[in-house]
Amino acid sequence: MRITVVGAGSWGTALGKVWAEKGHEVRLLARRPALAEAINSRKLNPDYLPEIELPENLKAFIDPGQALTKTEVVVWAVPCQHLREVAQGVRDILPRKIPLISAIKGLEIATFKTPVEILGEIFPENPRGVLSGPSFALEVARGLPTAVVLAFEEESLARELQEALSTSFFRLYRSQDVRGVEICGAVKNVMAIAAGISDGLELGLNARAALITRGLAEMMRLGLTRGAEPFTFSGLAGLGDLVLTCTGRLSRNYTVGYRLGRGEELEEILGSLHQVAEGVYTVKALYRFAQGAGLELPITEGVYQVLYEKEDPRNVLRRLLSRPLKAEFEPPLRP
Ligand SMILES: NC(=O)C1=CN([C@@H]2O[C@H](COP(=O)(O)OP(=O)(O)OC[C@H]3O[C@@H](n4cnc5c(N)ncnc54)[C@H](O)[C@@H]3O)[C@@H](O)[C@H]2O)C=CC1
Ligand SMILES: O=C(CO)COP(=O)(O)O
């Protein structure tokens, strides 16, 4: 199969490697000529996965025309806030009808749209799905066992792509709940920032477990109002990725939170990260949506206040803990 991966960052490169090793013809669409050159001539991605050797049949391009000609699947792995611009740039040359897979976890700030919704506006004739779940790029690139979920509304297409894209260590489960899988992937990044803050403040393992669990409640509260399937939350994209990103030091989102908890400024952290931490942007979309919809998302609100209102995380925590006592499950989490 000819696969084009748009975005030669850590995730696009790791996915491209896995599928090239499976024998697919993978074209990685990069933005910077020097990076494409390094991938092609040195067989490594010095900026994002420097210690990983890449296979010969993983080819990088900077010309979208070359990367997209006669391709059979397009996988999107650019930061969520740039997806619209990147997709619009290839609107006229991307083959009609071929499946598009978003590997992006986020929500567009200006519109509160998910990546698949954005792709739907730009490529209405192409079937669209999402790949998500607990999957640090570095571990995938190293060939460590990983399970993720691939969701397409059309089950036969999900089955076909599941077969084509699974390998002996990269196992795809299928789903038809595209919206639910996307909401889970977006929200878990915000919860990972919260967990990082908690660990940075040395609040302990109890606090982190509480954040993960109440983060799941928050993910469900939002997802259910947006039409997600309840089971999706306990799956790989939901609980699976929440656990990974809220506990794993490889997470950029967790790292942002941890450093905030240690007292660093957001600007300083982002200036030295060199990779995207989607939760930093998704939290804005979520916060605005929750305010408009009257939805209670207290952890999201707290992360927003720490990031954008420069609130001391300790004050935010104090406020979170002094909210009125309540039942563990209230509607819409329980009828
Ligand atoms: N790295 C990981 O472990 C995983 C990442 N993801 C998701 O994949 C998406 C991409 O993340 P990463 O690859 O990790 O990010 P990254 O920061 O490593 O790389 C982002 C890539 O997008 C490119 N890019 C940025 N702005 C662009 C623009 N305006 N036009 C064209 N290209 C642009 C960059 O040059 C870079 O190649 C995110 O939504 C992330 O949440 C999902 C699962 C795992
Ligand atoms: O989504 C991821 C793992 O599933 C990667 O998390 P970070 O973007 O926080 O590094």
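Our numbering is plain: 1 for the first residue shown, then up by one each step along the chain.
From the backbone N, Cα and C atoms, a Cβ is placed for every residue, glycine too.
Note that the structure is a prediction, hence the values are computed from the model and not measured.
TrEMBL lists 3-157 with the feature domain 'Glycerol-3-phosphate dehydrogenase NAD-dependent N-terminal'. If you look up TrEMBL, you'll see Gly7, Ala8, Gly9, Ser10, Trp11, Gly12, Ala137, Arg252 marked as NAD(+) binding site. Taken from TrEMBL, the feature NADPH binding site applies to Ser10, Trp11, Arg31, Arg32, Tyr48, Lys105, Ala137, Arg252, Val276, Glu278. For Lys105, Arg252, Asn253, the entry in TrEMBL reads substrate binding site. Per TrEMBL, sn-glycerol 3-phosphate binding site is recorded for Lys105, Gly133, Ser135, Lys188, Asp241, Ser251, Arg252, Asn253. Annotation comment: TrEMBL describes 177-317 as domain 'Glycerol-3-phosphate dehydrogenase NAD-dependent C-terminal'. The active site, proton acceptor annotation in TrEMBL covers Lys188.
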Next item on the list: List those of the binding-site residues Ala8, Trp11, Gly133, Arg252, Val276 whose Cβ lies under 6 Å from any atom of ligand 1, in sequence order, or write none if there are none.
Entry: Ala8, Trp11, Val276
Next item on the list: Among all chains shown, work out which of the binding-site residues Trp11, Tyr48 has the most CB atoms within 10 A of its CB.
Entry: Trp11
Notebook entry, point to check: Near Tyr48 (NADPH binding site), which binding-site residues out of Gly7, Ala8, Gly9, Ser10, Trp11 have their CA within 10 Å?
Noted result: Ala8, Gly9, Ser10, Trp11
Notebook entry, point to check: In terms of Cα spacing, which of the binding-site residues Gly7, Ser135, Lys188 are within 10 angstroms of Lys105 (substrate binding site)?
Noted result: Lys188
Check: Just how many other Cβ atoms lie inside 10 Å of the Cβ on Gly9 (NAD(+) binding site)?
Finding: 23
Next item on the list: Compare all C-alpha positions of Lys105, Arg252, Asn253, the record's substrate binders, and send over the largest distance in angstrom.
Entry: 13
Next item on the list: Write down the Cα-Cα distance for Asn253 (substrate binding site) and Lys188 (sn-glycerol 3-phosphate binding site), rounded and given in Å.
Entry: 9
Checklist line | Spatially closest candidate among Gly133, Asp241, Val276, the listed binding-site residues, to Gly7 (NAD(+) binding site) (Cα to Cα) | finding: Val276
Notebook entry, point to check: Cβ under 6 Å from ligand 2: which of the binding-site residues Ser10, Arg31, Asp241, Ser251 qualify?
Noted result: Asp241, Ser251
